[in-house]
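Per Swiss-Prot, active site, proton acceptor is recorded for Tyr169. The NAD(+) binding site feature in Swiss-Prot is assigned to 10-32; the stated evidence is similarity to another entry. Under the heading substrate binding site, Swiss-Prot lists Ser156, citing similarity to another entry as support.
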Amino acid sequence: MARVEGQVALITGAARGQGRSHAIKLAEEGADVILVDVPNDVVDIGYPLGTADELDQTAKDVENLGRKAIVIHADVRDLESLTAEVDRAVSTLGRLDIVSANAGIASVPFLSHDIPDNTWRQMIDINLTGVWHTAKVAVPHILAGERGGSIVLTSSAAGLKGYAQISHYSAAKHGVVGLMRSLALELAPHRVRVNSLHPTQVNTPMIQNEGTYRIFSPDLENPTREDFEIASTTTNALPIPWVESVDVSNALLFLVSEDARYITGAAIPVDAGTTLK
């Protein structure tokens, strides 16, 4: 039997990258999915966000596996819209069991005292408040099912250690850990488990862009992907520059499956050993 057969999962940031990979992995294991993403570039972060066409492609990939997919165009910062759309989707599919609060952004580097106020607020609003909004919207549906459930919050290696020039990102990702631990305590009596994932660099458009290259090679005027690959490898204990989205999806599948039935409140690195350094 598939590991999440007959369950329904909510995934934010589902247009591409880790979110699409999570959707496909869970569909392969028997879940129907609710896919959330922003359909256009609502923020200026130095690289393009996922598109409506990419979100539709994720849905097609899921449906090609014989599972149902509902697409939601919503910004995780907009609680009212997110609530209405998720309520509608859960009503259609009849239940909610799994949540992957995966939506997030990266940023160009700044020294902490040079971060523009709007850049700081945007980071916290999406990478922390957006995760809380996702949980806030989803938890009542999981509790209504009285079957337990699993919530996985996407943090980062930067949620477990500090990094220079991205304090706004690191602060948001550390905040996700605190939120995860509080939710785990609150929801444990209902057999709802809450954990967080902490990847190192993941090979997606979120890192394959000029802003990230500059973070890892600050002494180079115009760093390239090859420069980034060399610099990124030095940050990991294992001799690799990054992991792939499926590596994170494999960890997520474990956490939401019965294999992890007694794991809650855990911060799980998928980091090639970067938090050891």
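Just so it is clear, glycine is given a Cβ too, placed from its N, Cα and C backbone atoms.
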Original post:
Rounded to the nearest angstrom, how far is the Cα of the residue listed as 'substrate binding site' from the Cα of Lys25 (NAD(+) binding site)?
Top reply: 20
Original post:
Including all protein chains displayed, how many Cβ atoms other than that of His22 (NAD(+) binding site) lie within 10 Å of its Cβ?
Top reply: 32
**OP:** Looking only at C-alpha atoms, tell me how far Glu28 (NAD(+) binding site) is from Ser156 (substrate binding site), rounded to the nearest Å.
**Re:** 25
Subject >> Alpha-carbon spacing, Tyr169 (active site, proton acceptor) to Ser156 (substrate binding site), which is rounded to whole Å >> reply: 9
**OP:** State the three-class DSSP label for Arg16 (NAD(+) binding site), counting H, G and I as helix, E and B as strand, and everything else as coil.
**Re:** coil
Original post:
Quick one: Cα separation, Ala31 (NAD(+) binding site) versus Ser156 (substrate binding site), in Å?
Top reply: 25
Subject >> Distance from the residue listed as 'substrate binding site' back to Arg16 (NAD(+) binding site), taken between C-alpha atoms, in Å >> reply: 18
**OP:** With an 8 Å cut-off on Cβ-Cβ distance and a minimum sequence separation of at least 6, pull the same-chain contacts of Leu10 (NAD(+) binding site), or say none.
**Re:** Val33, Ile34, Val36, Val86, Ala89, Leu96, Ile98, Val99, Ser100, Thr134, Ala138
**OP:** Using a 10 Å cut-off, grab the number of neighbouring Cβ atoms around the Cβ of Lys25 (NAD(+) binding site), all chains included.
**Re:** 22
